[in-house]
Amino acid sequence: MKSTEFHPVHYDAHGRLRLPLLFWLVLLLQARTWVLFVIAGASREQGTALLNLFYPDHDNFWLGLIPGIPAVLAFLLSGRRATFPRTWRVLYFLLLLAQVVLLCWQPWLWLNGESVSGIGLALVVADIVALIWLLTNRRLRACFYEVKE
């Protein structure tokens, strides 16, 4: 059932709220290590050099894949969110938790001796903005808690 809280263009043909465009960008931000992994795998010759450029310490690369798991699951389940409503609701909290982990990750690396860089600062700012958006966007929360009638 369509709610009058949101504009009609925010609904698809089945009467479900469409996920906001910014949601997909936040998922890409959260799954950034996964994206790098796919790009490195696709570019066979330069894959190792690319991974070494962004992750000189290979342990950080493998640990960086962990907070991206909820984002990858959200990509995969977004088309089937009506089929798996409980999983979809839990995924919202996992995305929030992953965003907090990613927000703390970079400063933790800095405290452990990694040099501060422009890319690191940009990622921290982007993580702060993403967390605020995930917490405050009413349409996004409504997408995760749609009521079936």
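Cβ from N, Cα, C; glycine included.
Here is what Swiss-Prot says about this protein:
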TOPO_DOM  1-18  topological domain 'Cytoplasmic'
TOPO_DOM  40-58  topological domain 'Periplasmic'
TOPO_DOM  80-89  topological domain 'Cytoplasmic'
TOPO_DOM  111-115  topological domain 'Periplasmic'
TOPO_DOM  137-149  topological domain 'Cytoplasmic'
TRANSMEM  19-39  transmembrane segment
TRANSMEM  59-79  transmembrane segment
TRANSMEM  90-110  transmembrane segment
TRANSMEM  116-136  transmembrane segment
Which whole number is the mean pLDDT over the topological domain 'Periplasmic' (111-115)?
87
Same-chain Cβ contacts of the topological domain 'Periplasmic' (40-58) under 8 Å, 6 or more residues past its ends?
33, 64
Same-chain residue ranges lying at least 6 outside the topological domain 'Periplasmic' (111-115) that approach it to Cβ under 8 Å:
none
